[in-house]
Amino acid sequence: MSVIDSLLGKNARRFVKRKDSDAGEIGLSLEELRSTLYNDFSSSEGAKRQQQRYCGPFVAMSFNFMVSVGIIMANKMVMGKVGFSFPIALSLIHYSIAWFLMAFFRLFSLLPVSPPSRSTPFSSLFLLGVVMSFSTGLANISLKHNSVGFYQMAKISVTPTIALVEFILFSKKVSLNKVLALAVVSIGVAVATVSDLEFNLFGACIALAWIVPSAVNKILWSNLQQTSNWTALALMWKTTPVTIFFFMALMPLLDPPGFLSFDWNLNNSMTILISALFGFLLQWSGALALGATSATSHVVLGQFKTCVIMLGGYAFFNSDPGIVSLCGAIVALSGMTVYTFLNLRASPDSSAASTTKQLLKHASFAKKAKTTTDGEKSEAKNVVDYSTMELGVKETA
């Protein structure tokens, strides 16, 4: 240090002090950033704010769309190339892998914190887990025992079921313009996809039994995230064990025998594992989309995926669904565009109402705090006056 001093003099000391000061400022900034991140993820309110900040409706629905295309390819390999014909067992594997991944996240404190148990009754979480198992399991069985056309008709009927259930449970009404747009979407999807209405009594019963759990499942996921401080991963962590338990109960009843005798070689196991990873991403992205939008919007997104896959196959893979199906897909996409426009136009109004509600809440809280402070000051003044009087009495005595 003396050599540097002799060569540079006072400038060397200033340079070293400035570097020390910069290092201290950088360290302080990093510490503040770490503290902010810890505060955001150590509470359910902070975790939900981060989810809303980084995963809005467009991001969540785009994520769900891309994962849905990926899992279609993965499940085609599992069902076709591998020959794994156990739909309930496949769902059980998907949710088990998802639970182990979330347990890994929790081990390293990467899983968002759940809200306090008193804010959401355990019965609500238990019901969501049960409904999730029936919704996923019955959907796979319906796809196995029904034609594609009958399966699509069942999916279309989920939309009015959601509107009816939301009206019964939450008195939620849908505007006439949205009803007309959804009707156009449903008619377009029906024309585009319903080409083979093969009737099977067992398959029809399964499809009818699947409609209500599917609608209730979407409504509960959306409602719990939007009305409470639940994030998608935190809600998945709480409900997945219940879902796994009911999958284990449904598997011997609805799956064909032969699960244990399946050829579990390395190639087959890796293919099923890849499908399970896509299943976890699909469940997560679907929960994010339901938290960012609504149950009806998520159903419309599913129909949008169907139409896009059909048009993509026609444009890029020389598939020929027929002119009637193509016209139906175009009509459905037009209805979806109108429905999305109506939702976007309604969003600023709801945001303004929410902001006004928050401002009124803060104003009420501030007024209450001010009243409490004034009362404390008055009480303190009375205590001082009383103490002064008591002191005067003692001095006089």
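Using the three backbone atoms N, Cα and C, a Cβ is placed for every residue, glycine included.
TrEMBL does not curate its annotations; it predicts them automatically.
Annotated transmembrane segment per TrEMBL: 54-73 (among others), in sequence order.
Marked as domain 'Sugar phosphate transporter' by TrEMBL: 64-339.
Residues or ranges marked as transmembrane segment by TrEMBL: 93-113 (among others). Listed by sequence, the residues of this chain that lie at least six past the ends of the transmembrane segment (93-113) yet keep a Cβ under 8 A from its Cβ atoms are 41-44, 47-48, 50-51, 136, 231, 233-234, 236-237, 240-241, 243-244, 247, 272-273, 275-277, 279-280, 283-284.
If one looks beyond the transmembrane segment (125-143) by at least 6 residues along the same chain, the residues whose Cβ comes under 8 Å of a Cβ in the stretch are 87-88, 90-91, 95, 151, 154, 203, 206-207, 209-210, 213-214, 216-217, 220-221, 224, 235, 238-247, 250, 254. The transmembrane segment annotation in TrEMBL covers 125-143 (among others).
Among residues of the same chain six or more beyond the transmembrane segment (149-169), those with a C-beta under 8 A of the stretch's C-beta atoms are 142-143, 179, 182, 185-186, 189-190, 193-200, 203-204, 207-208, 210-212, 214-216, 218-219, 295-296, 299-300, 302-303, 306. For 149-169 (among others), the entry in TrEMBL reads transmembrane segment.
Sequence-distant neighbours of the transmembrane segment (176-195) (same chain, 6+ residues past either end, Cβ-Cβ under 8 Å): 148-150, 152-153, 156, 159, 163, 296, 300, 303, 306-307, 310, 321-322, 324-336, 338-339, 342-343. Residues annotated as transmembrane segment in TrEMBL: 176-195 (among others).
Look at TrEMBL and you will find 201-220 (among others) tagged as transmembrane segment.
Taken from TrEMBL, the feature transmembrane segment applies to 232-251 (among others).
Remote same-chain partners of the transmembrane segment (271-292), defined as residues 6 or more beyond its termini with a Cβ less than 8 Å from a stretch Cβ, comprise 51-52, 55-57, 59-61, 63-64, 67-68, 70-71, 74-75, 77-78, 81-82, 84, 90-91, 93-98, 101, 218, 221-222, 225-226, 230-233, 235-236, 298, 301. Annotated transmembrane segment per TrEMBL: 271-292 (among others), in sequence order.
Same-chain residues lying 6 or more positions outside the transmembrane segment (299-317) and placing a CB less than 8 Å from one of its CB atoms are 61, 64-65, 68-69, 72, 152, 155-156, 158-159, 162, 182, 185-186, 188-189, 192-193, 218, 289, 325-326, 329, 332-333, 336, 339-340. Feature annotation from TrEMBL assigns transmembrane segment to 299-317 (among others).
The annotation transmembrane segment is assigned in TrEMBL to 323-342 (among others).
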Legend entry - For the transmembrane segment (201-220), distant same-chain residues with Cβ under 8 A (at least six beyond the ends): 124, 127-128, 131-132, 134-135, 138-139, 141-142, 145-146, 150-151, 153-154, 157-158, 161-162, 165-166, 169, 290, 295, 298-299
Legend entry - Residues from the same chain, set at least six apart from the ends of the transmembrane segment (54-73), whose C-beta lies under 8 A from its own: 275, 278-279, 281-282, 285-286, 288-289, 291-293, 297-298, 301-302, 304-305, 309
